[in-house]
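These notes concern the structure reproduced below.
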């Protein structure tokens, strides 16, 4: 397929999106939701920005690579915030975000 | 434009999306976030379902009308939940959701 | 993760989205674009409807399952149209759409 | 509402999205689709990038403003391409894209 050179980034973006969507929902079900507010906000933004980046890379758009820097920035911010919380969904999300940063960095290079 | 007969629904969907996105963020900043958890969850779903419905109607897709029923259902659920809270952003969101239900109902008829 | 029972459908939806996005772009680069017009239109709709369905399933939303029927319908239509064309990207897209129908059917059951 | 200072940009983004979605569909129905291939490709990208930008601005995200530059770039490219074609849908789309560039520029300032 056309997007084969983009595939590692696409796969990392997909795992990041799934982790963020799940983390936001799981945060909303935690006992102390207030403490998770910034985590939920970043999960929302990170999932949406990764989703557009993935879409543009999948379609071989010239604009896909333009989004990589912003994508890495929001993934980094989300990883830092999720990393502060001990919940499994937060730790898994932090890991997925960090892997996504690495995959985007490789593609941008 | 091609989508002129869809325009009232498109406008109502747009106002509903804006109200839901704003309400979710504002709920996350409230003192008692835990009480707003279901509101935030429905705001997320409602915004996303309305966004796709609007997109399909704007492009004149045969699949746009297929989403109207599900769109009305999530708007109705979101209006009921938001209607329980006295915050301005919740009351405004409930109103936008109810107007969206009416506009979708007219288009579906 | 929370969405583990949804994972086979999520994976099939993802492959379907990638195939549709790629197919639309590749169709636009074919010699006879006019013949591919309906294929491009359905690729667009199918990718967007699958993307929302995947998002809702990933977040464990009660509305995810509501979209499965419409999702299967657009995947089926896209598979039929893509199946008419001999291009590799069309044949691959038809296959991905049919697998997605099966995965959605299993989840809906 | 929270996003009131963003409202002019949100409205311009919305008109741009509607014009791009409509233009892509209308281009696919033209006699000479091949000539419209790049227009359709840019309409797709422009609609999707504007949609995410609008979403982030509507939710008051700190990442909304980060997308403005890329949004202006794709709107500019789409306006240039659409401006080459005499079809009403292309001319209307070019106008909407240019207005969107201006609104994003004001917000970014």
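Cβ coordinates are placed from backbone N, Cα and C, and glycine is handled just like the others.
Just so you know, TrEMBL annotations are computer predictions that nobody has curated.
Listed features, source TrEMBL:
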DOMAIN    D:6-38  domain '4Fe-4S ferredoxin-type'
DOMAIN    D:83-109  domain '4Fe-4S ferredoxin-type'
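The residues of the domain '4Fe-4S ferredoxin-type' (D:83-109), classed with DSSP into helix (H, G, I), strand (E, B) and coil, number 22 helix, 0 strand, 5 coil. If you look at the domain '4Fe-4S ferredoxin-type' (D:6-38), the same-chain residues 6 or more away from its ends with a CB under 8 A from one of its CBs are 44, 46-47, 50-51, 53-54, 57-58, 60, 64, 68, 71, 75, 78, 81-82, 85, 87, 89-90, 92-93, 95-97, 99-100, 102-104, 106-107. Mean pLDDT for the domain '4Fe-4S ferredoxin-type' (D:6-38) in this predicted model: 97. Residues 5-6, 8-9, 11-13, 15-16, 18-20, 22-23, 26-27, 30, 35-36, 39, 43, 46, 50, 53, 57, 65, 68-69, 71-72, 75-76 of the same chain lie 6+ residues outside the domain '4Fe-4S ferredoxin-type' (D:83-109) yet bring a C-beta within less than 8 angstroms of a C-beta in it. Taken residue by residue, the domain '4Fe-4S ferredoxin-type' (D:6-38) breaks down under DSSP into 28 helix, 0 strand, 5 coil.
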